[in-house]
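Asks: In case it's useful when we look at the structure, here is the feature table from TrEMBL:
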| type | residues | note |
| --- | --- | --- |
| DOMAIN | 1-107 | domain 'Thioredoxin' |
| DISULFID | Cys32-Cys35 | disulfide bond |
Amino acid sequence: MAAITQVGNSDFWTKVRDSDDVSLVEFWGPWCGLCRVYTPTLEQFAEDNGEKIGVFAVNVGNEPDIASEYGVTSTPTTLVFHHGVVVKTLKGVKTRAELDTELAEFV
């Protein structure tokens, strides 16, 4: 069963940016109520698609440099990386159906 993997400055680059795989990265904060609403949807997505897409999370409070590098100014923001490049940006909470539609080309 795949899970959401927390990443930070020590491993973001190797697991996401330097990877050739498709990665979904949620930028979140512990103070963000919408992030708590969104987490179960992402967990289910990771469970169902983790063998095809890496699912990661970055706590913007702990890792402001990563958030700043990618222009993340609100949470939740979800970025999709492929070959280390952002190929899609999703702002706010998404339903499972919306995630499936937005990410269909990658699964």
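Here the Cβ of each residue, glycine as well, is placed from N, Cα and C on the backbone.
In TrEMBL, annotation is done automatically, which means it is predicted and not curated.
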Asks: Tell me which of the disulfide-bonded residues Cys32, Cys35 sits in the most Cβ-dense spot, judged by other Cβ atoms within 10 Å.
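Replies: Selected residue: Cys35.
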Asks: Kindly report the helix/strand/coil residue split of the domain 'Thioredoxin' (1-107) according to DSSP, in that order.
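Replies: When I sort the residues of the domain 'Thioredoxin' (1-107) into the three classes, I find 39 helix, 28 strand, 40 coil.
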